[in-house]
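Asker: I have a structure I would like to understand better, so I am pasting it below and will then ask my questions one at a time.
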């Protein structure tokens, strides 16, 4: 008899059932692993699968996480180059793609990443036809559109991490300026993740007190306190971090785990994430932009109708036109 047989008496033969709350992360670069560790620390899954094309790196990352199992509450961590390891996932997070180079605009990355998605998405769909897709790779709004087109999924099941991070950065910087924790500082960045994002100044508040009502010049050129700079810092922050350390990882990893928590626990929290906005705010093309969305187990169920100033709406439409200009040129 083996030690196991001497130690344990089996009382019930378990049917081999698959995981119920499985999450897959595609791409084990800095962003993918930051997403993985953030998700593991929040105990969101009963199985975590990692996929990448670089097999040594992939196995190394898996082993490194498995060796920390004692300190985690996720019983199964698996990995593979073959997408069969992703089978029965509830949520699939796509972080794979060509990395943004210093000074390179997010939009420049597009076609390089479309070609990668043409391989990834059909494989994900094959093994998890009922999953939700969360796209993180940049340029995220265009690649969310690409994932939606290739997958054939309904639009509520394909989301982009979008402005969830931009809004978090905004709230952090707002908190630094006011000496208040970012949880108590409210403000929304919508539109394109990145260079043409739109700050909704009318909604910026602390404890329901509108900063714009207190100080009408907020966010305008006449603003002596330079609040407009806060938004500029949000836009520049990724470029600054890339310049300093070569890539961004921790903040986006935490932001993605925040979205994963809302989905896996069906919290129905409102997040500024990338969704199909055709028919909203005068947008007439098939583009994905960030607007406040009610998110849960089924994906996006509702969109909050924000009251925007005409110039804010104009900026959104301009973003949509820019994105559509690029999307219509893409080779699928």
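Using the three backbone atoms N, Cα and C, a Cβ is placed for every residue, glycine included.
In case it's useful when we look at the structure, here is the feature table from Swiss-Prot:
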type: BINDING; residues: 29-57, 99, 138; note: NAD(+) binding site
type: BINDING; residues: 106, 138, 169, 248; note: substrate binding site
type: ACT_SITE; residues: 193; note: active site, proton acceptor
Asker: If you compare CA-to-CA distances from residue 248 (substrate binding site) to each of the recorded positions 53, 57, 193, which comes out shortest?
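Answerer: The answer is 193.
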Asker: For residue 41 (NAD(+) binding site), just count the other CB atoms lying within 10 A of its CB, please.
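Answerer: So the Cβ neighbour count for residue 41 (NAD(+) binding site) comes to 15.
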Asker: Quick check on the binding-site residues: of 37, 49, whose CB has the lowest count of neighbouring CB atoms inside 10 Å?
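Answerer: With the binding-site residues 37, 49, fewest surrounding Cβ atoms within 10 Å: 37.
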Asker: Between 57, 169, 193, which of the recorded positions has its C-beta surrounded by the fewest other C-beta atoms within 10 Å?
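Answerer: Sparsest of the recorded positions 57, 169, 193 by Cβ contacts within 10 Å: 57.
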Asker: Measuring Cα to Cα, how far is residue 49 (NAD(+) binding site) from residue 138 (substrate binding site) in Å?
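Answerer: About 22 Å separate the Cα atoms of these two residues.
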Asker: Which residue, out of the binding-site residues 33, 45, 53, shows the minimum number of other Cβ atoms inside 10 Å of its Cβ in this structure?
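Answerer: Output over binding-site residues 33, 45, 53: least Cβ neighbours within 10 Å is 53.
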Asker: 10 Å Cβ neighbour count around residue 29 (NAD(+) binding site)?
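Answerer: I get 18 for this one.
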Asker: Please report how many Å separate the Cα atom of residue 138 (substrate binding site) from that of residue 193 (active site, proton acceptor), as a whole number.
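Answerer: Residue 138 (substrate binding site) and residue 193 (active site, proton acceptor) have their Cα atoms 9 Å apart.
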Asker: Validating a neighbour-count step here. Other CB atoms within 10 A of the CB of residue 138 (substrate binding site): how many?
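Answerer: Cβ-Cβ neighbours of residue 138 (substrate binding site) within 10 Å number 29.
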Asker: Around the Cβ of residue 248 (substrate binding site), how many other Cβ atoms lie within 10 Å? Please give the count over every shown protein chain.
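Answerer: Excluding its own Cβ, the number within 10 Å is 21.
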Asker: What is the interatomic distance between the Cα atoms of residue 57 (NAD(+) binding site) and residue 193 (active site, proton acceptor), given in whole Å?
Answerer: 29
Asker: Can you tell me the three-state DSSP label for residue 49 (NAD(+) binding site)?
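Answerer: Strand, per DSSP.
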Asker: From the Cα of the residue listed as 'active site, proton acceptor' across to the Cα of residue 29 (NAD(+) binding site), what is the distance in angstrom?
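Answerer: Cα-Cα distance, residue 29 (NAD(+) binding site) to the residue listed as 'active site, proton acceptor': 20 Å.
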